[in-house]
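Feature annotations, reproduced from Swiss-Prot:
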DOMAIN    43-131  domain 'DAGKc'
BINDING   G68, D69, G70, S71, L72, S73, R74  ATP binding site
ACT_SITE  E274  active site, proton acceptor
Amino acid sequence: MRIAAIINARAGTVLRMSPSAVTERLSVVWGSLGHDAAIILAEGKDMGRMVRKACRDPDIRAIIIGGGDGSLSRALEHVLASGKSLGVLPLGTMNYMARQIGMPLDLAQAAVALAGAVQTPMDVGRVNDRYFLIRACFGAFPEFIQSRDRVRRKGGSFLEGALAGLSGVARRYRIVEAELSSPGGRARIATSFLMISNNLCRDSDPFLLERERMDGGSLGVYVGRSAGPVGLMELGLQAAMGRWASNEALFQGEMHWLEVQTEQRKPLISIDGEVEKMEGPFRFDILPGALSILVPK
């Protein structure tokens, strides 16, 4: 099978191993298993250009994205339009999607797993015209990610990044004031945390976020019960312990669509770990079985 592997040259694993070591390891593994693989290193806007080019190639059957969850999310628009399968090569920090589908985190083991993976339909979340695989968040979490990633880009450790993230939240504490509209009616909220996930979350290991399933055809909606810093601290501690379904600091709901009208015209939003300012209002919905993803046997 001919595949295209587009690798984020700025991904953590690539920087640790060196780009040449990563491409050589993948070439050896896939070549030994009889796969014809085009391995492309790219960064920034070139990632999107290379994904788009590979998706237009009729000879390529699968698009492998090497990077973090943000790299996967950014590739969705082109992969969905092409009808090709998406493969996950976990080279990022948290690699939530890889963990969700049982992909090994070791580079060589992941390459072997991808070679024998099974095409599996999976739901995709959407906010306005942007797709996501894991979650979108408003409030304190985007601030946490921004501050954390500044430190990580400078070579800081996971712990140093986490501490910087907490410090950033303390300095720029944000309250989300919004009107929510859903099939169940309308509600006004004032909270420090609003998360919309691709399917409902379950309790998991510490620092992870796992969904109950990836083909349930619904969004999970999580709203912090308190707008104050004490409530946010309680929520964050429970989330850090992997408590999502049993997190008492959250209101939780399940729905097929949700509209969010924030008081702020262009609030910060994190989508699969990438932070940006996006203009509202925000329309969230779920696309059942829209993506063919390669899942290890």
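Glycine residues also receive a Cβ, built from the backbone N, Cα and C atoms like all the rest.
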| Tertiary neighbours of G70 (ATP binding site) (same chain, Cβ under 8 Å, six or more apart) | G92, I271, D272, G273, E274
| query | Can you list the residues of the same chain, besides G68, D69, G70, S71, L72, S73, R74, whose Cβ falls within 8 Å of the ATP site's Cβ centroid? | reply | I65, G67, A75, G92, L133, D272, G273, E274
| message | Let me make sure I understand the structure: which of the recorded positions listed (D69, E274) has the fewest other Cβ atoms within 10 A of its Cβ? | response | E274
| Once the chains shown are all counted, how many other Cβ atoms turn up within 10 Å of the Cβ of S73 (ATP binding site)? | 24
| message | Neighbour count, 10 Å Cβ-Cβ cut-off, for R74 (ATP binding site): what number do you get? | response | 20
| said: Let me check the 10 A CB neighbour count of L72 (ATP binding site). How many other CB atoms are there? | reply: 30
| task | Check the residue listed as 'active site, proton acceptor' against DSSP and tell me helix, strand or coil, would you? | result | strand
